[in-house]
Amino acid sequence: MSDGSRLILALDLVDVGRALRMAQDISPHCFAIKVNWPIILHAGPQIIREISRFSRVICDLKLADIPNTNRLIVERVRELGAWGVIAHSFVGQDSLRAVVEAAGDMKVFSVVAMSHPGASDLLNRFHDMLIDISMKAGVYGFVAPGNNEAVLRQIRARAGGMKIISPGIGAQGGDEVSAVAAGADYVIVGRKIYQASDPVKVAMEIDQRLSMML
């Protein structure tokens, strides 16, 4: 892993062997690796521990349950060595606070807006309220869309100096440089990297472009 990188690899693969090889190859060029339900369900929760041996791991579980259930899940994720976890904020302050309390040293990122078109139907209309809920719950940072610069700028203005990680780069139309310029601290990139003919080269190029903005 690279402490100075602003790239987070979204490892949304279901081929476990390929996923692990790619994670190892790309980890020197990214800040963290984000794992989601597809790889966790195919490989089992131990994939978190395996990747955490050589990289920070952010578990993108988008937790959205009652406080007790959220707490039980986060305790296990922490045991497996994850560096961070992602939770929804719309479930309210009590459920989100349960995540923060159970996380201990893990970083909690709350979803306050999303990158897919349907998010504008409801969720993205309330990002100001969701930021307030998240701040009161004590989260470390936010997930905000890197392919919606207007929304991202609004979230950055309200979030102050808190960390923002942004998906929606590449396949969903976002540009990593534009996202950072709009307020993202880190960009989350998946298909643009792992569907490329040379994933390591693409990851290195993204990392280099972002390093010029530091």
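Numbering starts at 1 and runs along the chain as displayed.
The backbone N, Cα and C atoms fix where each Cβ goes, glycine too.
According to TrEMBL, the active site, for OMPdecase activity annotation covers Asp60 (among others). According to its DSSP assignment, Asp60 (active site, for OMPdecase activity) is in a strand.
In sequence order, Ile86, Ala87, His88, Val111 are the residues of the chain that are 6 or more apart from Lys62 (active site, proton donor) and have a CB within less than 8 Å of its CB. What TrEMBL records for Lys62 is active site, proton donor.
Here TrEMBL flags Lys62 (among others) as active site, for OMPdecase activity.
Counting Cβ atoms from all protein chains shown, Asp65 (active site, for OMPdecase activity) has 17 others lying within 10 Å of its own Cβ. According to DSSP, Asp65 (active site, for OMPdecase activity) is assigned to coil rather than to any helix or strand. Among the features that TrEMBL reports, active site, for OMPdecase activity is placed at Asp65 (among others).
Annotated substrate binding site per TrEMBL: Asp12, Lys34, 60-69, Ser115, 167-177, 190-191, in sequence order.
For the domain 'Orotidine 5'-phosphate decarboxylase' (6-206), the predicted model reports an average pLDDT of 98. What TrEMBL lists as domain 'Orotidine 5'-phosphate decarboxylase' is 6-206.
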Rounded Cα distance in angstrom between Asp65 (active site, for OMPdecase activity) and Ser115 (substrate binding site) is 21
Neighbour count, 10 Å Cβ-Cβ cut-off, for Gly170 (substrate binding site): what number do you get?
23
